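Step one of this worksheet: look at the structure below.
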Amino acid sequence: MSSVAAPLGARTGRRTLLIWTAAAVVYLLAVFHRSSLGVAGLEAADRFHIGSAALGTFTVLQIGVYAAMQVPTGLLVDRFGPRAVLTTAAAFMGVGQLLFAVASAFPLALLARATLGMGDAMTFVSVLRLCAAHFPRDRYATYTALTAAFGMVGNLAATVPLTLLLDSAGWTATFAAAGALTSCYALVVALRVRDTPRGTPAQTTALSAREVAQHVRAAWSVPGTRLGFWVHFSTMFAPSSLGLLWGFPYLVQAQGMTAAQAGSVLSLLVLVALVLGPAIGELTARHPTARLPFVWAYLGTATAVWAVLLGWPGGVVPKPLVVVAIGLLSIGGPASSIAFALARDYNPIARVGTATGVVNVGGFCAITVTCLSVGVLLGGNTADATPADFRVAFLAIAVLLVLGTWRTWVWWRRARAAVFAARERGEAVPVRIRRRVFDLPALPVAEVRPERVA
Ligand SMILES: N[C@@H](Cc1c[nH]cn1)C(=O)NCC(=O)O
């Protein structure tokens, strides 16, 4: 299958940038809606008469729905194109938020958040599929990172601006306005977004039920996709789990910070990602061979950070060290975007949506497992948890980090072996790498099917 994306080194036109911006705004809205409970948590507890455990259910449900929807989303976007899926995503998020605005009972509110989660789930993969079609391969990492930066802006909008709106306009008006605006934006997407550059054919494929399974299997069996899955798994879950659920109680209850201090420290997760993300995207776009060394540097740093946080006697760490630790962990968000460049590089364009969905499952599975495990290990009563309790509960993060690092190592070596084998067959490979002492011995050529390496 050939790629009809723009050629390498091609200039990006104004029209392409407008199409991408219209699509990336949907992701900005998705992250805004996703994060909106962060500042509305106390009000939600009051409104739905629920405690902190039930409040956590909102987050776990939303992230669980998101993870479960990634492969279906990838398939949908490969079948119908990003415009149709993004339009549906904006409509889902709008309806979900409108429902949340008027819900006064917990079950209805859960349904609203699940609807929102469905829309959210359809967004990022669609925007990246659009990037793959509109930008040359050597700009993909840059636009992936810039798309992620739009998300960070959405996250920021869900902090102080949303707090002010909630304070002045109240729950129903605020969420109804956010929902209505998002529903209307679905129209903008339908009218403005184009799946492919002008003059190029559609890149969608209709598949039978049997072919759907083959399509997913084909994406999953590519060593580059599998490496992306584990890179995403290992890098993104810690900063996201802290930002979405456990960071605030950890900083307040285990580290003795005030609510305001904890909020400021957690805002580092967004600010560092916003500033460093595009720089990391540009660096890895220019130097694809730096992708995995960067991931290893992050994983080494994260291991050291957790060793300090969890190994500190008594569990109460000096505050400046906590700030540095959170700052370093926040690099995991931008580092996780490297995983999408791997999916893009090692899959044909018609399968990039599905491969991106597969990769995105990695991080969100790890976030779901972390959020649930930490809650279970804390014993359900977060309000009474001590620093020692948090140390035990956060061991779940250490376990997932070790698992993710090990699998990344395994699939890195396999992906490199596949690249060497493809090169020996005279095929074009996306990165120029040299054999190292840690590389696997050369695979028999028959073990690496041609379509595994683009
Ligand atoms: N790579 C992340 C996004 C990110 C980048 N910088 C900080 N976070 C990702 O996988 N996003 C998917 C999503 O739907 O948010």
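Cβ atoms here come from the backbone N, Cα and C positions, even for glycine.
Now, the feature entries from TrEMBL:
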- 17-36: transmembrane segment (TRANSMEM)
- 19-416: domain 'Major facilitator superfamily (MFS) profile' (DOMAIN)
- 48-68: transmembrane segment (TRANSMEM)
- 80-102: transmembrane segment (TRANSMEM)
- 140-164: transmembrane segment (TRANSMEM)
- 170-191: transmembrane segment (TRANSMEM)
- 227-248: transmembrane segment (TRANSMEM)
- 260-280: transmembrane segment (TRANSMEM)
- 292-315: transmembrane segment (TRANSMEM)
- 321-343: transmembrane segment (TRANSMEM)
- 355-378: transmembrane segment (TRANSMEM)
- 390-410: transmembrane segment (TRANSMEM)
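Outside the transmembrane segment (140-164) by six or more residues, the chain places 20, 24-25, 27-36, 38-40, 124, 127-128, 131-132, 174, 243, 263, 267, 270-271, 273-274, 277-278, 280-282, 284-285, 288, 333-334, 337-338, 340-341, 344 with a CB less than 8 A from a CB of the stretch. Long-range contacts of the transmembrane segment (390-410) within the same chain: residues 227, 230-231, 233-235, 237-238, 241, 246, 249-250, 253-254, 295, 299, 302-303, 306, 309-310, 315, 366, 369-370, 373-374, 377-378, each at least 6 residues beyond the stretch ends and with a Cβ under 8 Å from a Cβ of the stretch. Contact between the transmembrane segment (48-68) and the transmembrane segment (292-315) does not hold: fewer than three of their C-beta pairs are under 8 Å, each pair 6 or more apart in sequence.
For the transmembrane segment (292-315), the list of distant contacts is 231, 234-235, 238, 254, 280, 283-284, 321-322, 325, 328-329, 331-332, 335, 338, 386-388, 390-391, 394-395, 397-398, 401, 404-405, 408, 412: same-chain residues at least six beyond its ends, Cβ to Cβ under 8 Å. Ranked by number of Cβ pairs under 8 Å to the transmembrane segment (227-248), the listed stretches 17-36, 80-102, 260-280, 321-343, 355-378 are led by 355-378.
Taken together, the residues of the domain 'Major facilitator superfamily (MFS) profile' (19-416) have an average pLDDT of 93.
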